[in-house]
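Asker: Shown below is the structure under consideration.
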Amino acid sequence: MKVLVLLLVTLAVVYAAPDPRGILINLEDGEICMNSAQCKSSCCQHFSPLGVARCTRKASENSECSPKTLYGIYYKCPCERGLTCESDRTIIGAITNTNYGICLDAGRSKE
């Protein structure tokens with residue numbers, strides 16, 4: 001019973017005044033991450049298979065992109081809001097995280 005009370009008090013103290021920056025979530029660009037859900041930008045990217053993943057801003061128009069990831073970490077970030085990642089999507093590419101494309105403005109590309 002004492003352990004439960006101590007645990008509840010500890011949790012109350014931890015959540016009483018959360019840091020807006022965050023330690024595990026709400027990470028800024030450049031901070032080390034393990035999953036895109038931790039980043040404010042929603043993109044956790046690593047530049048090599050052995051490299052450390054860091055939060056990075058999403059891809060801008062005409063930049064390389066990944067449409068989706070199964071693992072939460074990207075080699076190429078998805079597009080900014082309002083853009084679409086035009087790519088050849090394959091099952092193998094989805095598994096190996098190599099379905100790369102280019103960010104295009106959906107409104108302009110249909111004209």
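Keep in mind that glycine also has a Cβ here, set from the backbone N, Cα and C atoms.
For reference, Swiss-Prot lists these features for the protein:
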- C33-C44: disulfide bond (DISULFID)
- C39-C55: disulfide bond (DISULFID)
- C43-C77: disulfide bond (DISULFID)
- C65-C85: disulfide bond (DISULFID)
- C79-C103: disulfide bond (DISULFID)
- 1-16: signal peptide (SIGNAL)
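Would you situate these features in the structure and describe their surroundings?
Answerer: Listed in sequence order, C33, M34, N35, S36, Q38, A53, R54, C55, T56, G72, I73, Y74 are the same-chain residues six or more apart from C44 (disulfide bond) with CB atoms under 8 A from its CB. Under the three-state DSSP scheme, C44 (disulfide bond) falls in the strand class.
Secondary structure at C55 (disulfide bond), as computed by DSSP, is strand.
Sequence-distant neighbours of C43 (disulfide bond) (same chain, 6+ apart, CB under 8 A from its CB) are S36, C55, T56, R57, K58, Y74, C77, P78.
Under the three-state DSSP scheme, C85 (disulfide bond) falls in the strand class.
The Cβ neighbour count for C79 (disulfide bond), using a 10 Å radius over every protein chain in view, is 24. In the three-state DSSP assignment, the secondary structure recorded for C79 (disulfide bond) is strand.
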Asker: Under a three-state reading of DSSP, tell me whether C33 (disulfide bond) is helix, strand or coil.
Answerer: coil
Asker: Going by C-alpha positions, which of the disulfide-bonded residues (C65, C85, C103) is nearest C39 (disulfide bond)?
Answerer: C65
